[in-house]
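Undergrad: Take a look at what Swiss-Prot says about it:
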type	residues	note
BINDING	D92, E93, D196	divalent metal cation binding site
DOMAIN	86-300	domain 'RNase H type-2'
Amino acid sequence: MSTPFVTTLSPSLHGLLKDRLEEKGFILTQPQYTIFQARSPSVTCVLYSSGKLVVQGKGSKEFIKFFLEPEILLTFTHNRVEEDLRPRLGVDESGKGDFFGPLCIAGVYAKDEETLKNLYKTKIQDSKLLNDAQILSLAKTIRASCSCDVMILYPEKYNELYGKFHNLNILLAWAHATIIDQLAPRPSGEVFAISDQFASSESVLLNALRKKNTDISVIQKVRAEQDIVVAAASILAREAFITAMTKLEQRFSLKLPKGASAQVKSVGKSILNSRGKEVLSLICKTHFKTFNEICDSASA
């Protein structure tokens, strides 16, 4: 059995952690002496009344590395340090963990020092720290000063591609590589790209890039959104997701919740019962276990 991860969580982050865990589909309860206990098939996360946070389970290592540290524990340390004025390209995605709606991937190319200085003058930061109104406003600023590209994979296309790749990380690598290839200068010279490390091995993205016509070097790291160009890309990806969700809701006359929570499953069951499996498949990611749970509940 692995050793539990233990830390103390600032009270200001309690609500954020609870909301994000619900969005990710964790089942929340409140045993005695706790603020909440959250469970998934591979991770148990307990926040005690004292503020002590305990994480354990076979999936805890990935949970901490790819979610807890970059999205929760380091949220309050997102203050800018030294300005990096090296020309570079940033890429990020939105919608990966949302049952309903598309997967959106965006890239931003800041070509020179002037462009980067303009970005540093704004309130650009990781899109997870911004509300929808701030996202939409900052997206206009980013487009006015940078070269940008956005890919929106609506559920119908997303499900088709997932059927081809059979793996979310390989699909993400293909999409990231496509955006990087579209924006990278030729020759790339000293320009480089930065991407979040979404797979356990850097080779997944590198293999996808080898199939493209670019020689640009890529840095992959956890918490890549702390770089202002990646943060700008995360804002454009989130803007695309917000806009695409609105279009889906209007097209199907439905209100679609974000994330993968119990509410999402409830709405999914309602859509299946009233509109059928075909419509549900056009608005959700069918490889999510939530899809099978919804369909199984209807046939039970």
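Cβ from N, Cα, C; glycine included.
Because the structure is a prediction, the values reported are computed rather than measured.
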Undergrad: Taking the recorded divalent metal cation site as D92, E93, D196, identify the other residues of that chain whose CB atom sits within 8 Å of the mean position of the site's CB atoms, giving them in sequence order.
TA: V91, S94, I105, H176, S195, F198, A224, E225, V230, A233, S234, A237
Undergrad: List the residues of the same chain that sit at least 6 positions away from E93 (divalent metal cation binding site) in sequence and have their Cβ under 8 Å from its Cβ, in sequence order, or write 'none'.
TA: L103, C104, I105, A106, L172, A175, H176, D196, F198, A237
Undergrad: Determine the Cβ neighbour count for D92 (divalent metal cation binding site): the number of other Cβ atoms within 10 Å of its Cβ.
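TA: Looking across every protein chain shown, the total is 30.
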Undergrad: To what whole number does the mean pLDDT across the domain 'RNase H type-2' (86-300) round?
TA: 93
Undergrad: Let's check the environment of D196 (divalent metal cation binding site): how many other CB atoms sit within 10 Å of its CB?
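TA: Its Cβ has 24 other Cβ atoms within 10 Å.
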